[in-house]
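Reviewing the structure listed below.
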Amino acid sequence: MKLIENWFSERYSDNLQLSFRVSDQLLSIKTDYQRIDLFDTYDFGKLLAIDGTVQLTERDEFIYHELITMVPYHLTPRPPENALIIGGGDGGAARRLIDLGLKHIVNVEIDDQVVEVSKRFFPSLSSAFNDSHVKLLIQDGIKYVKNTSEKFDLIIIDSTDPEGPAEGLFSKDFYNDTRKIMNEGAVIVSQSGSPFYQPKAIKLAYSGMREVFSDVRVYTGFIPTYPSGFWSFTVASPWTMKPRPVNMSGKYFNADVMEGSFRLPQFVKELIT
């Protein structure tokens, strides 16, 4: 990706984009699956983009990674001991689960170059892959879920948007396969896009999960570098989810966020009804 006057821009539509002033472009490669760009920005530190969309920045990655791990962590009947991450090649979700005390984490990433870029530029996140509690597999997550005999307390779909290699991660067939590898009381969570700019993504995740799981809920959070800053996650279980008391906090997550993130604006409620 070429810079225009030292700015990287993520285009949301033909009429709108979010731009970051950058001091340098550190990397631009085309893998077998996607294009990866790495920029050094003035306000947000290093920025990782895949196919032109922001995946994480040094300054605000903690928000996304806390939301996709710490919220579902508190929805299982007891603290989960093991987890499966599909995607998440930067290591941020695995790093957070280690901090939460999980004993066994399987992280399945389809593109080894995402892992290599993270090891080079985001060592605080990718250090998770050196931890004895984490098993990193470079393979197709959809095929892994279909073929594995392991079962999990928590399944995290930490993917790009529902297109290209990630499209199948939002399908009913995939959710059916995840249902088969869930321990009793387990939950599954997926990022589901911006309700404002990507309503199809949240509808796709919610409707797909509703066909498979009896309890499906949406929660949201504020992530400054994602489209609109307003981001959604969809969490589900074959069992009724009853939040456990929250006695911990992160930089973003706390007991108030655990409760408030499920309080949805009316237009979001209407998207999923």
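Just so it is clear, glycine is given a Cβ too, placed from its N, Cα and C backbone atoms.
Pulled from Swiss-Prot, these are the features on record:
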- 5-238: domain 'PABS' (DOMAIN)
- Gln34, Glu109, Asp140, Gly141, Pro165: S-methyl-5'-thioadenosine binding site (BINDING)
- His65, Asp90, Asp158, Ser159, Thr160, Asp161: spermidine binding site (BINDING)
- Asp158: active site, proton acceptor (ACT_SITE)
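Positions of Swiss-Prot features highlighted on the structure.
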| residue | record | Cβ contacts under 8 Å, 6 or more apart |
| --- | --- | --- |
| His65 | spermidine binding site | Gly92, Ala93, Arg95, Arg96 |
| Asp90 | spermidine binding site | Leu48, Gln55, Leu56, Glu61, Val114, Val115, Ser118, Phe122, Leu125, Ser126 |
| Glu109 | S-methyl-5'-thioadenosine binding site | Gly87, Gly88, Gly89, Val115, Leu136, Leu137, Ile138, Gly141 |
| Asp140 | S-methyl-5'-thioadenosine binding site | Val108, Ile110 |
| Asp158 | spermidine binding site | Ile68, Ile85, Ile86, Gly87, Gly88, Gly92, Ala93, Gln191 |
Could you measure between Gln34 (S-methyl-5'-thioadenosine binding site) and Ser159 (spermidine binding site) for me? Cα positions, answer in whole angstrom.
13
Neighbour count check, CB within 10 A, over binding-site residues Gln34, Gly141; minimum at Gln34
Counting across all protein chains present, how many other Cβ atoms fall within 10 Å of the Cβ of Ser159 (spermidine binding site)?
23
